[in-house]
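Heads up, the thing below is written out as structure tokens.
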Amino acid sequence: MWTVQNRESLGLLSFPVMIAMVCCAHSANEPSNMSYVKETVDRLLKGYDIRLRPDFGGPPVDVGMRIDVASIDMVSEVNMDYTLTMYFQQSWKDKRLSYSGIPLNLTLDNRVADQLWVPDTYFLNDKKSFVHGVTVKNRMIRLHPDGTVLYGLRITTTAACMMDLRRYPLDEQNCTLEIESYGYTTDDIEFYWNGGEGAVTGVNKIELPQFSIVDYKMVSKKVEFTTGAYPRLSLSFRLKRNIGYFILQTYMPSTLITILSWVSFWINYDASAARVALGITTVLTMTTISTHLRETLPKIPYVKAIDIYLMGCFVFVFLALLEYAFVNYIFFGKGPQKKGAGKQDQSANEKNKLEMNKVQVDAHGNILLSTLEIRNETSGSEVLTGVGDPKTTMYSYDSASIQYRKPMSSREGYGRALDRHGAHSKGRIRRRASQLKVKIPDLTDVNSIDKWSRMFFPITFSLFNVVYWLYYVH
């Protein structure tokens, strides 16, 4: 009951106040009051000197800043800048513009701003800025009875943003907007964020195609120059790059091209046209991807994260092409050389056999034999007669490599038999060794090279990806 009575009493008290406000607003539009407002504005501007700041010679003027971010239009890695559109508001108190008799704020034409003192605010890292002028110049001037001036502008500025692209495109960037007084030092003017944490609005509504705004920070500080100390406000945006675009446009194509280059390991090694065409195509494709990426980035002296990945993919693709070059050399290079060497050895053996079969007879009727070394120990073929027979005769006459048969003792015949047995033993050992060599895999076999490549390339490329993503993501 008591609550209902309080509400009724409050309603009765507020009703006269509302009537008074309506009457004042209505009276301001009356011709007599319009002339009074005109006289008030004329009186404020009469004798006003825009060359002097408010309270000249006294304490510094406190200028409050508010920013309503409309959009971040572009972030350029090539130019190292970003474009920002905002509603920029400044407020300060100028006692020369205080008035009485009109309990209303006076919103004046934007051209009146040219007749009033305004702070010499500028953007320190600005490259190009302009105030919008459609349909009229987008600026506002509003006066309060206590002399407070509200000055608003709609500005689009392109500000420098120095980026560290070592982790590109897995990077985060900090882009700032530096607001500073150009001529007035801290003895004449002070800047502050009007509204504290609420001085900057509209950031949460912004959506960028390649970035996400993780956080923003407002800073107020003083900077020292040779001409004095100046006030500075900083608005810093923390931008995190979205990786989805680069996965679809760069990482995935590079990975697929690298895997495609391994198809040559399953193609027959004598299909030179197919394997060479595939290898060259993959190498040129990787080169095209790298070239296109470099065109969209500045020419910086350090290596970026995406450069390391593309370089790794290019190395794997190039090694796949070199692998076939090695296989081709083994199969088509050494093969004919070995075959030619084998034919030369065979012809030399046949020539030696013909020379061994030649029989010469001297004038006395003796058989002449040239001194030849035993070429084949496994054959055991020797010119032996009457082994163990003491009557067997072989005469020897050493002159110009001529041998005559002379009688051979039983001891010499026994030694010949032992030599023949040793030759047979050596032949068996060599045949056994050749059988063992067949069981050992030949490292120059082209099929084994392709088989090892089918396992080596995917495993090493997978390890490369694991190390790369663990390092740059974390």
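Backbone N, Cα and C atoms are what each Cβ position is placed from, and that goes for glycine too.
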Quiz prompt | Of 64-86, 271-293, the range Swiss-Prot labels transmembrane segment | solution = 271-293
Exercise. From the candidates Cys161, Cys313, select the one that Swiss-Prot records as forming a disulfide bond with Cys175.
Key: Cys161
Exercise. Indicate yes or no: per Swiss-Prot, are Tyr99 and Ile449 on the same side of the membrane.
Key: no
Self-check item: Listed in sequence order, residues not in Tyr122, Ser181, Tyr182, Thr227 with Cβ within 8 Å of the centre of the histamine site Cβ atoms
Solution: Asp120, Glu180, Gly183, Tyr184, Tyr230
Quiz item: Residues with Cβ closer than 8 Å to the Cβ of Thr227 (histamine binding site), same chain and 6+ apart in sequence?
Solution: Thr185
Practice problem: Between the Cα atoms of Asn105 (N-linked glycosylation site) and Tyr182 (histamine binding site), find the distance and write it as a whole number of Å. | Solution: 30
Quiz item: For Tyr182 (histamine binding site), what is the secondary structure state per DSSP, taken as helix, strand or coil?
Solution: coil
Quiz item: Which value in Å gives the longest Cα to Cα span across the histamine site residues Tyr122, Ser181, Tyr182, Thr227 as recorded?
Solution: 17
Quiz item: What is the number of other Cβ atoms found within 10 Å of the Cβ of Asn174 (N-linked glycosylation site)?
Solution: 16
Self-check item: Other C-beta atoms that fall within 10 angstroms of the C-beta of Tyr182 (histamine binding site)
Solution: 10
Quiz item: When a 10 Å sphere is centred on the Cβ of Ser181 (histamine binding site), how many other Cβ atoms does it contain?
Solution: 20
